[in-house]
Amino acid sequence: TISWFKLPSLLWESLSTCSTFSSIYLALSQSISICNLFLSGTVQHIVALVGDDIILPCSLRHTDNAVHQSVEWQRPDLKPKEVHLYRDEKDDLVLQNPVFRGRTSLFKEELENGNASLKLTRVKLSDAGNYTCYIPLLDHQKSIIQLIVGAASRPVVIIEGIEGDEVVLRCEAEGCYPEPVMEWYDAHGRVLPAAGPPETSRDSEGCYTVTSRVNVPNSDNNTFTCQVQQLEIKHMKERQVHVPGESLFWIFE
């Protein structure tokens, strides 16, 4: 789900500083910074998780009514490049790229307030890219938004072996952007030193697979947690494992 917001009144000509509006929420529940968003050529970055519903913001100055304007949302790197087209006071999706079929919409009730923001649902990894919001009849009113998509999966923890009096646990997780960071914790929330640096690999799409190992006492009846984080998008997943000793273990869901 997404929370509705109303964009603040911004002047295309005069906006020259960065402002953060904590009332603007994506599915990430985080504030985003709108910095020169509506000056031609300026790029605004938005980060989303796979599967999210998000809003790509685009607003005219408060005196402009978009109901009678054409609003063109495009992704120039795609063919066809049309993401969503509104003209003659209705949606015109004949030329829409099929990858966006059934996933885009404008907030029609907000067009009269100059709000031409686009709602994009069920975000996919392939949705990452630069989007433009263009109002043809209003000179220089064009915004560019870079959508960054990527989220780490829930880690998988296995018992890899026994070394003397210690059990070797291995944790693995996948994520695309930004690169996931992995840490181990004991039952008291204290960070455990990993048995060496994490192993990181990337696939052809630029997504990461991160693997980390830790040695824990075989004699302890204890619970350990593998946690993967992507700090830039405030995303965290974790998995717990219980080591009762004698080479037995359970994974907590």
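Using the three backbone atoms N, Cα and C, a Cβ is placed for every residue, glycine included.
Source: prediction; values computed, not measured.
Looking just at the domain 'Ig-like' (51-145), the mean pLDDT is 90. Annotation comment: TrEMBL describes 51-145 (among others) as domain 'Ig-like'.
Marked as domain 'Ig-like' by TrEMBL: 163-242 (among others).
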* Structure fact -> The correct DSSP tally for the domain 'Ig-like' (163-242) reads 3 helix, 49 strand, 28 coil
